[in-house]
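The domain 'F5/8 type C' annotation in TrEMBL covers 11-165. Here TrEMBL flags 171-339, 345-499, 733-898, 959-1136 as domain 'Laminin G'. The domain 'EGF-like' feature in TrEMBL is assigned to 501-538, 899-937. The annotation domain 'Fibrinogen C-terminal' is assigned in TrEMBL to 537-588. Positions annotated as disulfide bond by TrEMBL: C871-C898. The transmembrane segment annotation in TrEMBL covers 1175-1200. For 1206-1243, the entry in TrEMBL reads region 'Disordered'. Look at TrEMBL and you will find 1222-1236 tagged as compositional bias 'Polar residues'.
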Amino acid sequence: SGSFIYMSNLCSSLFLEGCDGPLVSSLPQSAFRSSSQLSNSHGPGYAKLNRRDGAGGWSPLDSNKYQWLEIDLEQRTEITAVATQGRYGSSDWVTSYLLMFSDTGHNWRQYRQEDSIGAFSGNTNADSVVTYKLQQPVFAQFLRVLPLDWNPNGRVGLRLEAYGCQYKSDVASFDGTSYLLFSFDPPPGPSAKDLLTANFKSVHHSGILIHMEDQHGHALTMELLKGKLFLHLRKGTAGDFHTTASLGSLLDDQHWHHISIERLRGHVNFTVDKNTQRLQLLFFHKISFGGVSAVGAQRDHSKRNFHGCLENLLYNGVNVVELAKEKKVSAVGNVSFTCAEAVEVPLTFASPDSFLQLPWAVSRDSVSLSLQFRTWNRGGLLMTSELQHQAGTLWIYLSDARIRLQIHKAGRIVVDITAGSALNDGQWHSVELSVRRGRLILAADKADTSTTTTSGCRNLFSVFQGCMRLIHLDGSLVDLIKVQQMLIGNFSGLQMDLCGIVDRCSPSHCEHGGKCTQSWSTFHCNCSNTGYGGATCHSSVYEASCEAYKHRGNTSGLYYIDVDGSGPIKPQLIYCNMSDKAWMVIQHNNTELTKLRASSGTNQHLAYFNYSADTKQLGAIISRAEHCEQELSYHCKKSRLLNTPDGAPFTWWVGRSGEAHTYWGGAVPDSQQCACGLQEDCVDPEHFCNCDGDLDDWYPTLYPPYLPYPPYPPKGILNGPSEHLLSSDDFWNAAYFNKETSYLHFPTFHGELSADISFLFKTRSSSGVFLENLGIKDFIRIELSSPTEVIFSFDVGNGPFEVRVETPEPLNDERWHRVKAERNVKEASLHVDNYPGAVQKAPADGHIHLQLNSQLFVGGTASRQKGFLGCIRSLKLNGKTLDLEERAKITPEVRPGCPGHCRSYGGLCQNRGRCVEKYNGFACDCGASPYSGTFCHKEVSAYFRPGTSVAYTFKEPYELNRNSSSQSSSIYSDLTLKGENVSLSFRTGQAPALLLYVSSYYREYLAVLLNRNGHLDVKYKLQSNRDAEVFRSNARNLANGQLHQVSIRRVSESLSVQVRCTLHTLYEDMKAVFLTGAEGAESGEMDPEIARLNALGFTGCLSVVQFNSIAPLKAALLYPDTSPVIVTGPLTESNCGSSSSSSPYAAETTHSLSDHFGTVGTGQPVVNAISSDSALIGGVIAVVIFVILAALAVMARFLYRRKETCQTPESKGAKPDDSPETPFNTDPTSQSIITDTQKEYFI
């Protein structure tokens, strides 16, 4: 029996701790009230769970949405669950309802699940019991149930039970001048933990709630200001208060709210209701509750103390209210220990159909009206009434968040008054209207305004959505309870005896610093200047790596990089060096060599390196990098570094982990050596570092390839030029799924409120599931439903939800396609490639949390059906990349990696560049192109002046050694010519001038020149015994300092010449002429005119010179040692061929990181960014070129066509094409585009 008693007591204790005892079944019938009852036997007192008394439950007289059942629990009680049941033995039950609670029986508050779900699902029959455990317990004396829907074949019928336990409540009431002073004497010593908790209910929207001080003059004030709680901190008696935190909203609603301040190991958790901020604050031991003395502390904030009640005020377990009752805590002013409840009956205009109609006889001579309202909307009609004696119609409404009064008469506005401003802040505001003796006064928040009489047309205004209370008509308060009982007036769509305003911006769902604004029914996030986009500023608008920018076709430049996507790390402006791999370059402030003074040993020299990225950004970049490099050099001359072999090191460096290291570049950790010591080739073999030999020569020592960054700078006598280079491999992390049953699994995806998923795929299959994650009821899935449709589907408790994107082109084309899906509390979106995306709005009042609990399946499903066949790459979930390759290595039927990228990215290779496949990506082979750069996009140009020449000479055919390398393709070519493709760009102010000369071993030649008028001449001689033919352009003077492009193409007997001016893109008339020639060839001297022009030399710029597959200028500039070129005089690469340069003699300038200007966009580099692909020269080098291309060109008959595309400035209507990446049309098979202004003449 002893054991039985022990277990009974234990169960009773657990029962009390569980707080789930029945609360309703033992109440008398007098504790039940209702809006109406069908009969005495259907009264509210019969609405007890599982009871069959009376008619077996409560049923109202009419079944509509204005009925309610109310229960008085007789004291404040903790309520943890509710259960409902239909009326016994009937077809009457409630299918959905609202739950309200109150301490007074008025000013009800609606219980909401997940802060948005208000409706509870009810019963499906009369007898089954449906129980809901409340996510957060309710502390109240009164409960009210409002039926929303019921059995359509019956009427409202309800039996009810509530579960919970008794609640101990110790309260103290403050009148706005009183407060409690709680202090320790003497002050206790430091403790590891402090905890202060309380509940409060406020009458006024502002007041000092708690004030704390310590013996050093530090102070912390918790202030209620316009319904929000603020923490203000002051350090020292002479300091000012600064706001450190703000939480909560609408806290002046006359309901209880919970506050908590918990200090643990130097961190403070500040909690209001369910929202917490983490701070670093001191804790204080002299505390005043309810306010502060005006003499004892600075009154920098609120002008009043707290007016309201504090409940269960505990400090480190001490009940302060009980101590105050026992007079062990000082009470200043009128502090009482009961909480007086203000009885104010609000009403809510929740929908556009809501209205209230009241009887009011408005006289012309005397009018008095006042009310209070609160709303988030900038506009809405507050009231309207017809004036007596046909004086017009009175309108009072919100317009642009101001009160506006108008009187309309006969379609005209005869009175127009405005008052107040910013009245849509969610606070209670008052409106007062009075007419006395012909004077009309409109006041907002007690502030009068003057009248303005106008005339005009009647304005249109929207309906009001918000709360009202304290409506007075001619000085009499309207009894809204009688309105609710339908004893006076009329209404529709109103929520009576409650204010249903919700602050949708507290807490804010706007991420990454987005600013939240709201209306009555929704909120909006302003993402400007955040670097993020979407409905909640969740997804980054920037790429996660330079590699991603590169594969959008971007060249080297400054870009914003967001390494963790939608994660917490901010985007960082980083220089991307686009070469075969995309490198991220992060510089610091110490890039110049610094001369160090000798140290006596007591004063160390510290070298600090402040990087352009902060610690978190650097750490994230490094962790995602495929390879990292850093170079920092220490130059020594009679300056010891490590003091080897036996001494203590004079210099060390500190890495990112905070540990000191004494090894240097090329050596191994903990070796206390430099590279020469490890390789045993130091100048002095007695030392392990050249710097330790006290040598009289300068010796550089490289910094190790480990990456220190603030706050751990290197220490010692150290400095020098440095850069931080990184590349990322997340972009190519891929897996290949070769069976429909294959998949990869990962841990559960956690994206409760915001989830973004992005990846690339390529496939031949017509359908398949990309990924899936399941919960008990919730799920998330992305699939290819057909060759032209992708579906993003999920369920967060509101039923399955789908977002679909259909594409005009099939997606199963073995090309890479990008998918990006996002789901947040406002909407769900899906984007595929650059096609128009799809967006679906979330329900306004629905579940918002996505709750998953199974593994994440990639490439398949848990059922192993509808699996995906193909490749998935760069899969990111909420900014984190899943390592598909590592998981694929240990998973059957899935292979790591996925080759074959040129089909998708080959189009990025420009100007005859050839795409070359790589395991991770691709590269552009520019061997057959006169351009260079990552995408064969960069013009190869040089300035020329007399004294410099370049000769490119073919060897005799039998001496030519073929070379199959990509580099050679721009150097050597087939000597048997059936046609020529010649292209070049030039910029000069010289006329006449020789631009290009091509000759054979038999006196045949081609010359491109400018005559004395600056017109372009093409001179062809293909038979040594015939005179040369000259084909002259009739375009304007081309020696005008502007960039011009020339393209000459001969195919068999057809010759076309195209001249394009940078600033003009329209075409002139096109002409063609037929010529004949005789066979034969013999050697001779250079044409006299050509020789004369050659002697003059050329001053100007030549760029992207190409003859068939030969790029002679590129060969001379980039490959002079391996090309058959002879360069006379200085020749240096320049950017003079860029269309952005307006002067042929413009100087070039190198730019440091501090010189970058311009707009940084998504995928657009900053103007003047560092170019890593060019050799930059400080100043201008002007040279001249005479290009000789030796080739065999013998033809008997030619068809010459001349096409001129350079226009005069009068030609307008087309957008200039200044892009230096626009390729010349040198493809023999391509077709020229003929505009309406072009004509052909065949002679």
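The backbone N, Cα and C atoms fix where each Cβ goes, glycine too.
Around C898 (disulfide bond), the same-chain residues six or more apart in sequence whose CB sits under 8 Å from its CB are A734, A735, Y736, K762, C871, R873, listed in sequence order.
Sequence-distant contacts of the domain 'EGF-like' (501-538), counting only residues of its own chain at least 6 positions beyond either end whose CB sits under 8 Å from a CB of the stretch, comprise 115, 228, 247-250, 275, 348, 374-378, 426, 465-467, 560, 562, 566, 570-571, 753-754, 756, 822, 824-827, 829, 844.
Counting Cβ pairs under 8 Å to the domain 'F5/8 type C' (11-165), the stretch among 171-339, 733-898, 899-937 with the most such contacts is 733-898. For the domain 'EGF-like' (899-937), the mean pLDDT of the prediction comes to 91.
The domain 'Laminin G' (345-499) makes no contact with the domain 'EGF-like' (899-937): fewer than 3 of their CB pairs lie within 8 A, with pairs spaced 6 or more apart in sequence. Across the range of the domain 'Fibrinogen C-terminal' (537-588), the DSSP-based residue counts are 5 helix, 20 strand, 27 coil.
If you draw a 10 Å sphere around the CB of C871 (disulfide bond), it holds 23 other CB atoms from the protein chains shown.
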